[in-house]
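S.K.: Please find one structure pasted underneath; my questions will follow.
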Amino acid sequence: MLKYGVVNKERIRQVENENRLLKKQIQEASQLIQNIQDGNFDSLATEDICQNELGNALKEMQYQFASIEEQKKQRNWITEGVAELSELLRKDYASITEVADRLLAFLVKYLNANQGCIFIAQADAYQQDQTYLEMLACYAYQRKKHFEQKIYAGEGLVGQVYLEGITTHLTDIPSDYINITSGLGEATPGSLLFVPIKIDEKIFGVLELASFYEFNNFHIEFLEKVCENIAATFNSVQSKERTETLLKESQMQTEQLRAQEEEMRQNAEELEATQEEMMRNQNELLQLKEELEKKVEKQKEQELELRAQQEVLKESMLEMKEAQVELTQKERELKGILEAINHASYKAEFAPDGEILFINKNFEKLFRISLDEIRGENSRRFNALAKSDPQAYTRLWENLNQGQHVEIESEVVLPHQTFWLKEHYTPVLDTNGEVKKIILISSDITSIQKSKAELIARTQAFEMSTILSESDIYGTITFVNDKLCEVSKYSRDELIGKPHKIFRHPDMPKEVFAKMWETIKNGKSFRTVLKNRAKDNSIYWVDAVITPVLDSNQKPVKYIGARYVIEDEKYAELLYKRALQNLGIQES
């Protein structure tokens with residue numbers, strides 16, 4: 001017989017309710033899974049679905065997916081921001097101020113901040129051991145602001161961040177610290193962020209941002225990354241500005257030298273013009289004298305005939321006396337000028353064929369010969385050019401006889417001495433335009449020629465015997481001479497742009513170079529004995545002197561190294577040990 005059970009109606013309703021709830025949970029779970037597949041992580045799980053393990057697991061999975069998606073958005077936001085800022089940095093800017101303005105405007109907008117500032121480190125011109133932070137750019141409410149602010153290192157939050165080199169994020173801000181004006185009025189910012197602009201532990205400045213909203217960790221991560229790129233750009237722009245400054249200084253010096261040369265040339269032309277004017281005045285005086293003599297002679301011949309015209313004669317005589325007074329005055333003035341030239345220079349006069357007519361006392365003393373001894377002799381006998389280059393001497397006199405002014409420098413070799421003269425030959429013309437005589441005005445330039453020769457010889461000797469190099473303030477090589485290439489066996493192209501440690505031997509203690517940098521950065525020279533390694537790994541010893549070149553603020557702008565090779569290795573090692581002892585360094 002079949003057995004039948006009696007089921008309570010209440011139990012039946014309970015089972016039906018459980019089935020409906022289970023069906024509803026399955027539908028909601030399916031919908032939640034579909035939302036996750038569609039990338040909709042914001043939909044909320046109902047209370048019904050959270051009443052079993054499957055629902056809770058789906059809710060946890062939804063949270064994990066939402067968290068991963070948020071992290072992905074943050075990474076993409078950082079990547080896009082770095083890319084956009086890098087694109088800005090690749091542009092060519094005229095100055096570091098323009099760079100700062102563009103970068104700050106971008107950062108304030110990208111982070112949805114309210115305002116920001118960029119401070120750059122500067123050396124105090126009056127307190128050389130002090131560094132201050134100058135506000136380079138300020139941006140607020142989508143426009144550039146113009147402020148001037150100077151904060152010394154260690155002062156306030158900006159100065160403290162510069163000293164420590166650590167990012168500082170403030171959310172608990174005093175009400176009187178700073179106000180931000182918006183469309184709703186004035187309010188204290190909800191968050192302040194200070195990020196050091198640094199690269200390789202070198203700090204160039206500080207970035208300050210203020211916002212109504214609190215900065216997130218990914219905002220800070222983004223700013224720390226881009227501040228490294230900004231620091232590299234600042235370093236590049238500052239180097240470019242320093243290079244342009246040095247170039248302008250060099251161009252100014254070149255222009256000054258050109259101006260001095262032009263002034264000397266003009267002075268020489270003025271002297272030449274003065275001499276020509278003197279010659280013209282002399283010719284005019286001679287002509288006037290001849291005319292007056294003719295008039296006097298004629299008046300004497302007609303004296304008996306002109307007695308009847310005595311009054312007229314008296315007037316004529318008065319005019320003649322006035323002319324004679326004027327003539328006498330001009331003769332005195334000319335005589336004074338000629339005497340001044342005669343006393344200050346070596347003067348000689350020649351006939352057009354080169355016959356010596358006159359030499360002054362200075363010439364007599366210089367050549368140790370009297371005028372009586374050489375008067376009537378030809379200048380060819382005594383002229384240095386005639387002996388060294390007869391053809392040039394012939395051309396010289398041909399030009400003079402054509403009325404040309406000639407200027408030459410001559411080395412004169414005498415038994416008792418050798419000297420240099422700068423000679424100015426000026427033809428004197430008669431009334432017919434023919435050369436009447438030649439006047440020579442010479443000046444002694446022996447000391448100038450000796451100085452030039454000594455300077456050239458010393459420079460050549462120094463470069464042949466000395467290893468020379470130059471580097472910037474970071475130790476990067478900017479110049480080497482042939483001697484350094486010869487000793488190190490590197491080519492010039494292999495050395496330019498490299499650090500000086502390319503020569504360093506592994507045995508050299510690091511303390512030596514630390515002491516060197518400490519000394520030369522303070523504007524003092526440093527000397528020691530160094531063990532170097534050539535390109536072929538051979539060893540050579542040098543006695544090295546590193547000297548800083550200082551600017552007007554006594555700050556190094558570059559370093560010059562002079563080294564002398566020590567050929568005796570044992571003697572070099574002895575000097576090396578003594579040098580380490582003097583520096584207080586233990587030999588490694």
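Yeah, the Cβs are placed from backbone N, Cα and C, and that goes for glycine too.
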S.K.: Which is it, of 12-39, 68-95, 376-403, that TrEMBL names as coiled coil?
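M.R.: Residues 12-39 are the ones TrEMBL records as coiled coil.
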S.K.: DSSP-wise, what's the residue breakdown of the domain 'PAC' (524-578) into helix, strand and coil?
M.R.: 10 helix, 31 strand, 14 coil
S.K.: Averaged across the domain 'PAC' (404-457), what pLDDT does the model get? Just tell me the whole number, please.
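M.R.: In the predicted model, the domain 'PAC' (404-457) has a mean pLDDT of 81.
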S.K.: Give me the DSSP three-state residue breakdown of the domain 'PAC' (404-457), ordered helix, strand, coil.
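M.R.: Secondary-structure breakdown of the domain 'PAC' (404-457): 12 helix, 30 strand, 12 coil.
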